Amino acid sequence: MEGTTPLLDAEAVGDLVLLDPLTEESLVQTLQERFRRHDIYTYIGNVVISVNPYQSLPIYTLEKVEEYRNCSFFAVKPHIYAIADDAYRSLRDRDRDQCILITGESGAGKTEASKLVMSYVAAVSSKGEEVNKVKEQLLQSNPVLEGAGVGPWLSCHLLSPQPEQLKLCQDCGHYGYLNRESSSLPGVDDAANFHAMQDAMRVIGFSPAEVTELLEVTAVVLKLGNVQLSGSFQASGMEACSITEPQELQEICELIGLDPGALERALCSRTVKARDETVLTTLTVPQGYYGRDALAKNIYSRLFDWLVNRINTSIQVKSGEQRKVMGVLDIYGFEIFQDNGFEQFIINYCNEKLQQIFILMTLKEEQEEYVREGIQWTPVEFFDNSIICNLIENSTTGILAMLDEECLRPGVVNEDTFLGKLNQLLATHKHYESKETQNARRVTDTSLPLRCFRIHHYAGKVTYNVTGFIEKNNDLLFRDLSQAMWAARHALLRSLFPEGDPQKVSLKLPPTAGFQFKSSVAMLMKNLYSKNPNYIRCIKPNDTKSAMVFTPELVLAQVRYLGLMENVRVRRAGYAFRQLYGPFLQRYKMLNPRTWPRWDGGDREGAEVLLAGLAFPAEELAFGHTKIFIRSPRTLFDLEQQRQERVAQLATLIQKMFRGWRCRTQYQLMRKSQILISAWFRGHRQKNRYKQMKRSALILQAYARGWKARRTYRKYFRSSASTCVANFIYRRLVQRYLVGLAKNLPPLSVTDRTWPPAPYRFLDDANQELKNIFYHWKCKKYRDQLPPARRAQLKAKLCASELFKDKKTLYPKSLQQPFRGEYLGLKQNPKYQKLHAVAKDKLVMADAVRKVNRASGKTVPRLLLLTTEHLVLADPKAAQPKTVLSLSDIRGISTVGAKGDFLLVSDHLIELVTRLHQTFEAATGQALPLHITDRFSTRFPKGDVSITVVESPKASTDGPICKKKGSHKMEVL
């Protein structure tokens, strides 16, 4: 540890090395308390423990990246960025290759942890176009490998894009390899993830042809699972198998460019070569299904290897450049299930090897630091799991070696013979037991079944069921299937099976799965030993993947599997705390008066003087060349407790000193301000007094100079001098009036009649005349802006006002009604169009009126058409003109003062008379006489008739009623 502040907490320490007391319960309780506070990261020395919160936390921002950048590992709160930064700086500054090992169960957040590590390194590493390109490709490799590493997940995505080209069905239940479990996950958008993976492949540099080939090969794997076999007996009595439905086989061969017969022969038969002899044997149905599944697994496994190599090719360093390597290892954690098989066996074997390298390299780091600092090294007692590793991987007596031997041995080979050999050779091994060995030792244990064996791993006892060990270890791919794949005309698939080349035929049996895994683990261990390891232990807090839910029993099981207690004990075997002298002295120097507030000597001497006055036991402290070492966490807590108490005292002292300084400063500032204000005020008062005296002196001087000038020039005055002066004054007043008027003109709105009053009485007439001129000018500008149609309508309204205002009762109600002119719709009604053709000139108005019958006084409906030269009355039913008058024949118009007219009765009287008046004046150049009276005469063919308008006691809804009184009189009610 190199820092204390973020890690020392009374309830939940940030570093489990400082946990006191150290028990499994206290360790789990500490993790739970930190988890509750959203502190999901905890240290064990330089190991990071990550508890998956199953929700997004705001602790991965750019600000957090800058907070942990180039910062001491223990100077900030525990975070995955801290270990990523420590590894990156060791790589950059010390030129040491790094490896970050991430372990944990499925769902513990290992993949997310690897993403966070890579994103942090990408954020803090050097910039540049080529570097940024490689960083982006590296980050985008995550979704590609994550998608391709989970077969059903990727396959489900293949069901939506280009289904016709890939010959796929969009129903996941149609495929045997997908319908065994649910093909969808709640909250996961498969289509969006698939498109994200395609975008990532494009960024990495995959060509469209490579992506298509990848999808085609995966489609082949899906369709292989649907190939069904049926059994039959040949004439020789041997059992044989054949393809049930050739359609699936045909589609596979079309995708990869292979003859269906060749693939069928490879799936249903097997060629055995022994020296110069070749034998073709048919396969039984179980053997056929075994070969089919082995082919599908090999295709998919090799496809994933090709994908990894393809990504490495894109991001590889150019030749000739110095290479620094940082590896991120995301590996499955220790597994203990109710039923453990071959898969759990090899996974736990790998974790045993990782635990071995962790213990050895952790102790090695401790020993190297003690030697480097000159501290006496005390051997640490710890469990060396090399005996368990040898139990599994020994080349002669190891479990894997005996499994390979059984798989290759001729004769009857099954799991029972394999278990018997284990019991025979490992009967005395203290980390191995089975039912037979327990009986030999007279141990009664009902929890161990017959076909099982148990290994005492470092993380606990695990019982393995031997069922399937032989089959899964063999997992051989028949040579005929490899040759068939090599013969395909599919470039990618052909490259995955180089051993299928007939020119490279080898009679040597391929290695078993256990041997391959053992070799891979050996290569991994060799790689890890060559690099500086960094560890991230991921923990799954609950089985339901619920946000912020912590199950102590589940976490305790993982604590045991991951060996966290063992990690803490190894770390605490020596000194639990170490720190450079400089930071240590700066943090705790206030505990000794000799080192506070400043120490002028060396850092080591200051630390020794500081601790000498605290009376700690000598065995609890050790002074290295550059660091101080403290053995137990309790001593560190005591030191921190004394510091907190001293800090509280110093805080009180600092507050007291600060308050005194603040009061003195405020007083001095107020005194200085008072003096400054007084000086400014006195100066201001003297300036005002001086200005007043100066103004008074100027007035006296002006009066004196005026009196002197008048006395000197009085003899030059004439009798007309007063007139000139008066005229000058008048001109100045007029000029001032005009300038003021120009600056205060009213708005240009024609409705605004406001005008500034005249400042002097002699300007009243001129002011009124200017008001009228300005208003007329505003009206003219308003009229000039009007469109022609609006201007004509306003002219008609003005003419109506001149004719009827204060004369006709109907006039006020007509103000709001616009003059439309055409009320009949002549253009829309073809029946009336021939009426317009009679006049042969421009139509001014068309309306329906009622004409008074000259004989009886009754009214009849008529159509009135007013043109620029004629007045036409027509029958509305026949649409025939009855009367056509030239405007020049009209002598005048008479209308009554009350509402309603006769002879011609119209609902648009005002508009009719106005337009007739305007049209008549335009045609003849003379004004048409208009008489508004209640008594007038009209001329009929038999003589003049006197007409009188009388108000009726009852209103008529049918218009006016005409009553004839003799031959020369008529009354209109």
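Placed from the backbone N, Cα and C atoms, the Cβ positions cover glycine too.
Please treat TrEMBL annotations as automatic predictions, because they have not gone through curation.
Taken from TrEMBL as is:
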type	residues	note
BINDING	G104, E105, S106, G107, A108, G109, K110, T111	ATP binding site
DOMAIN	11-644	domain 'Myosin motor'
DOMAIN	808-973	domain 'TH1'
REGION	521-543	region 'Actin-binding'
Quiz item: Here the binding-site residues are G104, G107; which one has the lowest number of other Cβ atoms no more than 10 Å from its Cβ?
Solution: G107
Quiz item: Non-local Cβ contacts of E105 (ATP binding site) (under 8 Å, 6 or more apart, same chain)?
Solution: Y332, G333, E335, C538, I539, K540, Q558, Y561
Quiz item: What are the other residues, in sequence order, whose C-beta lies within 8 angstroms of the center of the C-beta atoms of G104, E105, S106, G107, A108, G109, K110, T111 at the ATP site?
Solution: N52, G333, C538, K540
Exercise. Could you list the residues of the same chain, at least six apart in sequence, whose Cβ is under 8 A from the Cβ of G109 (ATP binding site)?
Key: S50, N52, C538, K540
Practice problem: Just name the most isolated of the binding-site residues S106, T111, going by other Cβ atoms within 10 Å of its Cβ. | Solution: S106
Practice problem: Take the region 'Actin-binding' (521-543) and count its residues per DSSP category (helix H/G/I, strand E/B, coil), listing them in that order. | Solution: 9 helix, 8 strand, 6 coil
Quiz item: If you average pLDDT over the region 'Actin-binding' (521-543), what do you get?
Solution: 89
Quiz item: Are there residues of the same chain, six or more positions away from A108 (ATP binding site), whose CB falls under 8 angstroms from its CB, and which are they?
Solution: S50, N52, G333, C538, I539, K540, Q558
Practice problem: Count the Cβ atoms, other than its own, that fall within 10 Å of the Cβ of K110 (ATP binding site), considering every protein chain shown. | Solution: 24
Quiz prompt | Conformational class of T111 (ATP binding site) under the three-state DSSP mapping | solution = helix
